[in-house]
Structures are given as C-alpha cells and as structure tokens.
C-alpha cells in the first residue's frame with residue numbers, strides 16, 4: 001500500500017553489514033541549525049548498482065532510483081538542496097560562469113558553484129521492500145470515498161492483516177535511534193510527544209521547515225481512532241509544538257501549517273508542522289486535515305471521525321484500492 005510505508009524514509013540500514021557502511025551524518029542539535037557533521041563517508045554508494053529509475057521530477061529536482069547495495073535491494077533518493085540566502089555572497093564570488101546565450105538585456109549561464117554549495121541530499125532505504133519500490137514509483141492515483149462503515153469492513157481489516165511495521169517509530173520514542181535529532185519532548189505517556197525534523201527537511205533554512213510530532217501513546221493508528229477523549233493530547237501537541245518551533249526556529253504560529261494525514265504514511269498517530277507557503281508533499285486538501293479543525297470537530301462530536309465520510313488518494317497498485325474495488329466502492 002503506497003500510503004502505508006514509512007514516509008519519513010529513514011536513511012538507515014537494518015542489516016549488520018550495511019549498518020557499518022551506511023551511517024547518517026549527525027545533526028548539530030545543540031546549535032539549533034541542524035548542520036551536517038564534518039565526517040564524509042565516501043564508500044556508502046560506491047557499490048550501488050542501478051536497475052531502474054522509479055520516478056523523477058524536474059520541477060522538484062528529485063530522482064528516485066532502484067538498485068542493489070551490498071546485495072540488498074535498495075532505493076536511493078537524490079534531491080537538490082535549496083539555495084540559501086546566507087550563501088549568496090560566496091555563491092556569486094566563488095563560482096565559475098559559462099555563457100550559454102546573450103540577447104539584448106538577457107543572458108543565461110551555466111554556473112558551477114564551490115562543491116560545498118552544490119550538495120545533493122541523499123536518502124538510502126535499504127533493505128527496500130516491494131512496498132518501498134511501489135511507493136516511489138510514478139503511478140496513476142484515484143480518489144477514494146470511505147464511509148465510517150467502509151473503514152470498519154474494508155480499511156481496518158486490510159490494515160490489521162498487513163501488519164505494517166512501526167518499529168522505527170518505537171525506536172525514536174525509546175531513544176534507540178535519532179535521539180540527537182529531537183527538537184522537543186513532552187515525556188507524559190498520555191498527552192506527551194516527541195518533535196523532530198522530517199527527513200525531507202535539511203534544516204539549513206526555515207523556508208521549507210518540516211517537523212513531525214509523534215505521540216507517546218501507541219494505540220492510536222490514525223484520524224479514525226480519535227474521539228473527544230484525545231482532545232488533551234491533540235491540544236497539547238498543537239500548543240507545545242508551536243511554542244517549541246517559535247523558540248527554536250523563531251517562526252510564529254501564524255506562519256505554520258499544522259495537520260494530520262489521512263490515510264497516514266504509517267499507523268502511529270503523528271502530526272505534521274510545515275511552514276506556510278512550502279508545498280510539502282501531502283499538504284493538499286485530498287489528504288491533509290488541519291489539526292485546529294480536528295480539535296473543533298471532536299469538541300462538537302466525540303464520534304466525528306468514526307462516522308463521517310473521508311476522502312483520500314490511493315495509487316493504482318495499492319492493495320487497499322483493490323479492496324475497495326472488490327467491495328464495489330470504486
């Protein structure tokens with residue numbers, strides 16, 4: 001199912017051999033800038049063997065590649081990093097220009113910047129499953145209309161049968177992984193959460209700020225499980241998440257988009273914090289639900305998300321889409 005694998009795309013490797021080879025550069029969590037460490041690992045991708053390009057986007061400057069890494073199936077994601085305002089002076093003075101065209105007041109060039117200003121963010125998923133491959137492969141999508149009854153009879157049985165792993169989420173909550181990346185934590189087991197950067201954000205500028213709040217409660221799969229009993233949890237995330245971002249990144253609540261996905265990328269309740277104006281993947285109306293709206297809906301009706309009809313996109317090869325077709329719902 002395309003929307004049920006871990007969207008955060010952790011760049012870690014589970015096999016013993018590759019764990020020694022693929023180590024994610026640690027961020028400087030103390031200075032608040034998220035800068036990458038000084039150590040370079042030159043051998044991580046040297047043995048990567050490309051088998052197919054799953055998808056690419058010239059507009060987003062990304063490419064998703066399938067291949068082999070140390071005899072394990074792998075997906076490598078390459079993404080051009082944004083141009084930062086604080087590097088412009090060095091970019092202008094330290095780059096080489098090659099003229100391509102000049103016509104009246106217009107001229108175009110090929111600019112070759114210093115290597116450290118020409119980075120490509122690289123995410124490695126290894127070992128990659130077929131679910132990962134399908135997730136990153138370009139496909140047609142369909143909008144599904146799911147009633148409360150559809151969730152009980154189609155979606156929930158499918159989720160339970162698939163048993164999608166969220167062990168990597170538990171590793172974060174238990175500080176077994178990514179502890180140095182946590183921006184804020186409320187340790188309370190009922191209303192607490194951890195706030196940390198999404199892997200899609202390189203933390204070098206606030207324009208594409210993207211953080212995830214993951215609840216300490218482990219029995220809430222998605223929006224469908226929420227009732228008014230969860231209002232203290234949701235309100236706590238909403239308030240303390242905004243406060244932490246203001247303190248850490250000097251970004252006020254009026255510049256934030258705070259929302260949940262349905263269907264979610266993984267079945268452990270989490271909330272997205274992105275900067276308003278940044279077109280983050282999945283922030284469109286067909287999938288995103290503002291946390292403020294969720295809170296108000298539950299205040300008005302404790303069973304709101306258990307009974308209302310929800311809409312969400314599924315890709316053509318998604319197993320859940322097949323279940324809706326088999327039930328005559330699409």
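Heads up, the Cβ atoms here are built off N, Cα and C, so glycines get one too.
Features as listed in TrEMBL:
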type	residues	note
ACT_SITE	270	active site, nucleophile
BINDING	168, 178, 198, 200, 261-272	substrate binding site
COMPBIAS	1-11	compositional bias 'Basic and acidic residues'
COMPBIAS	25-36	compositional bias 'Basic and acidic residues'
REGION	1-38	region 'Disordered'
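The binding-site residues considered are 269, 271; of these, 271 has the fewest other C-beta atoms within 10 angstroms of its C-beta. Over all protein chains present, the Cβ of residue 270 (active site, nucleophile) has 24 other Cβ atoms lying within 10 Å.
Around residue 265 (substrate binding site), a 10 Å sphere centred on its CB holds 22 further CB atoms from the protein chains shown. Within the group of binding-site residues (168, 267), the Cβ with the highest number of other Cβ atoms inside 10 Å belongs to 267.
Residue 263 (substrate binding site) counts 25 other C-beta atoms within 10 Å of its own C-beta, drawing on all protein chains shown.
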